[in-house]
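What follows is one structure encoded as C-alpha cells, with my remarks underneath.
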Amino acid sequence: MTAAEIVFVLLGVVALAAAVLVVTTRQLVRAALYLVLSFGAIAACFLVLTAELVAWVQVLIYVGAVVVLLLFGIMLTRAPIGPTSDLDSRNRPAAIVVAVATAGVLVTVLVRGFGDAYVDLGEPSTGSASGIGANIFRYWVLPFEILSVLLLAALVGAIVLSRTDIGPPKDGDG
Amino acid sequence: MHGYFGAYGLVALLLVVGAVFVTVALTANRLLRPARPTPQKLLTYECGVDPVGGGWAQSYVRYYVFTFLYVVFAVDAVFLFPWATVFAAPGFGVATLVEMFVFLGFLAVGILYAWRKGVLSWA
C-alpha cells in the first residue's frame, strides 16, 4: 500500500466511526458534532483522491452550511441538551429495511457504474476547479440549472413555513 | 515539500503542530497551577451573576430562514469558482456566461421573494 492509500483507509475508518456515533449517541447536539467529524473526514478523503474542489465544497457546504441548518433545526425543537432516553423510534424495523434497501441501491450503482474507474493520483487536474468547471458547463448544464430551481423552491418553502403571517388563503400571491 | 501531496502534507503538519501546541500549553498549565476548587469557583460564569435556568433556549423559527439564505449563497459561491476558471476559456464563451446568469437569476428571485416578504428586515 502506498502512503496515500493508508491515509485514505484511516480517514475512511474515522468517517465510518463518526457516522456510527451520529446514530448511536443519546445527545442530539453531539450527534450533529459527530456529523461534522464525519463530513470532515470525507472531505479529507476527497483531498487524498486529489479532488481538491470537491473537498473544499464538502467543507464549505456540508461542514459549514448543512450542519448549521441541522443545529438550527435542533435548536428549534424542545429537545433537551442532555442525554435523551426516548430518541429511539419505534419504527426501527421499517428503518432497517429502508436503510438496507438504500445501501443496496447505492452500492449497486457505484459498483456497476464506477467499478473499474481509475484515478491517476499523480496528475491532480481532473479534480481542480477548472476540470470540474469544464465538466459542469460542457456536459452537466441542465442539472446545474435545475439545482437553482431546487434551491429557489426550498428557500420559498422555508420562508412560507417560518412565517405564520404568510398563508395561502390570505392574499392569493403568497 | 512540493507537488500536490507535499503541499497538503504541509497543511496536515501545521494542523498537527497546532494540536500539539494546544495540548502542551494546557497540560503545562494543569501541572503548574494550584487547584483549590470551591463550589463558587466551579459555577458557570455568566456575566458575574449566578446562572439562572438551564443551558437550553429554544430559538425562533425566523432565524432558520437566515441560515437557509446562507446555504443558498454558499452553493451560489461554490459554483462561481469552477465557472470563473472556464467561462473565458476557448469553447465556452457567451453561452456559459448566460447559463451562470440564469442560475443567478433563479436565486435572485428567491432573494427578491424574501425581501418582498420582509424576511430581510430585522424589526
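Cβ coordinates are placed from backbone N, Cα and C, and glycine is handled just like the others.
Quick look at what TrEMBL lists:
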TRANSMEM  A:6-24  transmembrane segment
TRANSMEM  A:31-49  transmembrane segment
TRANSMEM  A:55-76  transmembrane segment
TRANSMEM  A:96-119  transmembrane segment
TRANSMEM  A:139-161  transmembrane segment
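Residues 28-29, 32, 35-36, 39-40, 42-44, 46-47 of the same chain lie 6 or more positions beyond the ends of the transmembrane segment (A:55-76) yet place their CB under 8 Å from a CB of it.
Proximity of distant same-chain residues to the transmembrane segment (A:6-24), defined by a Cβ-Cβ separation under 8 Å and at least 6 residues beyond the stretch ends, is recorded for 30-31, 34-35, 37-38, 41-42, 44-45, 48-49.
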